[in-house]
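As given in TrEMBL:
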- B:16-55: DNA-binding region (DNA_BIND)
- B:GLY90, B:ALA91, B:GLY92, B:ASN93, B:LEU94, B:GLY95: NAD(+) binding site (BINDING)
- B:79-180: domain 'CoA-binding' (DOMAIN)
Protein chains: 2
Amino acid sequence: MEDKAISRAVIKRLPRYYRYLGELLESGVERISSNELSDRMQVTASQIRQDLNNFGGFGQQGYGYNVKYLHSEIGKILGLDRTYHMIIVGAGNLGQALANYVQFEKRGFLIIGLFDVNPVLKGITVRGIPIRMAEELPDFLQKNSVEIAALTLPKANAKEMADVLVENGIKAIWNFAHTDLRLPKDVIVENVHLSESLMQLSYNISRREQAREPAPDYGDNDENSA
Amino acid sequence: MEDKAISRAVIKRLPRYYRYLGELLESGVERISSNELSDRMQVTASQIRQDLNNFGGFGQQGYGYNVKYLHSEIGKILGLDRTYHMIIVGAGNLGQALANYVQFEKRGFLIIGLFDVNPVLKGITVRGIPIRMAEELPDFLQKNSVEIAALTLPKANAKEMADVLVENGIKAIWNFAHTDLRLPKDVIVENVHLSESLMQLSYNISRREQAREPAPDYGDNDENSA
């Protein structure tokens, strides 16, 4: 159980390593020590070494890490060495915001379809992709290879739509609807619960006010509900 | 360090408890045992009990938990028993998507200002809130009490804008820009890194394909980069 927790935490940290290494690469930096990386990333050098040791020895004593190699290897681990076709289901503001994120394309995530139920949106294009109606999903999924479906629609419709997607072959869902999807075990679900994120903020603001001191260190574990 | 990790994980789980309890409340359910809650939430009853024990004893042996009381107490811990004024800086699709989330208001997060640098957007209203230009921020922040600023603008402008906000009294930032903000310790930052979330998906898809088996259990810790 403990290994399970550690692994998950490490995987969650990998994208941030990838980002920093990408920036170093762009700046022309060829090698970096765990101490230098530690300074930049504001995590301990020992955590960096431990994290990266999970995936084989990348560094060399006295040399540090080769930026290009490390960036590339972490990219492979994160599955970024290939292309994914993604559709967005729910073409409201949030869906359109995702469709407009050019950075996703740079990472290999190509948005190839946009769907909605609102007939007013039919045919409107977002970065060249026409909004289709949800009824066209089964046909579209049959004709196109799609790995990921982003669900950016109201909670009430999310579960039904998730089922339609899974029935038609989708095996990975990026869920922005504020609900838990109960899907078969072979379907990967990544949730982005914005309300829950906002509640982390309110929790911290509230604690800060109670303590009348700088933003809380999570090491304080003596709060209680009253 | 270990307590710190546990606390953070518990806090991250609280909003989900709050959500489930809210739904139970709406359905008219008055009490619930940790086992029943465990079934609904798909987490172990013991985790539920442990998590809630961090905040004082809420349950009673043989009775379970009083839904209304538990919901209310968790709400207080999460700081949801008050109102927060929030502004959104960056009125593109993502900023407008946030501005259109009526659920935030229900939780006590009132969006009272929208800002951008694009003069084309000036004066356009989103749910009755006019988009103002960024130059108006210092004046606006002086005249209005604002607790949270959501940053939904490109990475390149994010750090500068964060500094302006902090200089003008903002002490909590909800950061959607794909960068780390280095701000004074008394400023709370909650990051939503969408690219990183998407990379969790690609990691899992990639592992599933390598293993040619159902979606990976994080307990497998024997992968390496080659």
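Backbone N, Cα and C define each Cβ position, glycine as well.
With a cut-off of 8 Å between CB atoms and residues at least 6 apart in sequence, the same chain places B:ALA99, B:LEU114, B:PHE115, B:ASP116, B:ASN118, B:LEU121, B:ILE124, B:VAL126, B:ILE131, B:THR152 near B:ALA91 (NAD(+) binding site), listed in sequence order. The Cβ of B:GLY92 (NAD(+) binding site) lies under 8 Å from the Cβ of B:ASP116, B:THR152, B:LEU153, each of which sits 6+ residues away along the same chain. Break the DNA-binding region (B:16-55) down by DSSP state and the numbers are 28 helix, 2 strand, 10 coil.
The Cβ of B:GLY95 (NAD(+) binding site) has B:ILE88, B:VAL89, B:LEU114, B:ASP116, B:ALA150, B:THR152, B:LEU153 as same-chain neighbours under 8 Å, each 6 or more residues away in sequence.
Applying an under-8 Å Cβ distance to chain A, the binding-site residues B:GLY90, B:ALA91, B:GLY92, B:ASN93 reduce to B:GLY92, B:ASN93. With the fewest other Cβ atoms inside 10 Å of its Cβ, the least crowded of the binding-site residues B:GLY90, B:ASN93, B:LEU94 in this structure is B:ASN93. Per-residue pLDDT, averaged over the domain 'CoA-binding' (B:79-180), rounds to 96. With a threshold of 8 Å between CB atoms, the same-chain residues lying at least 6 positions outside the DNA-binding region (B:16-55) that come near it are 7, 10, 63-68, 70-71, 73-75, 77-78, 80.
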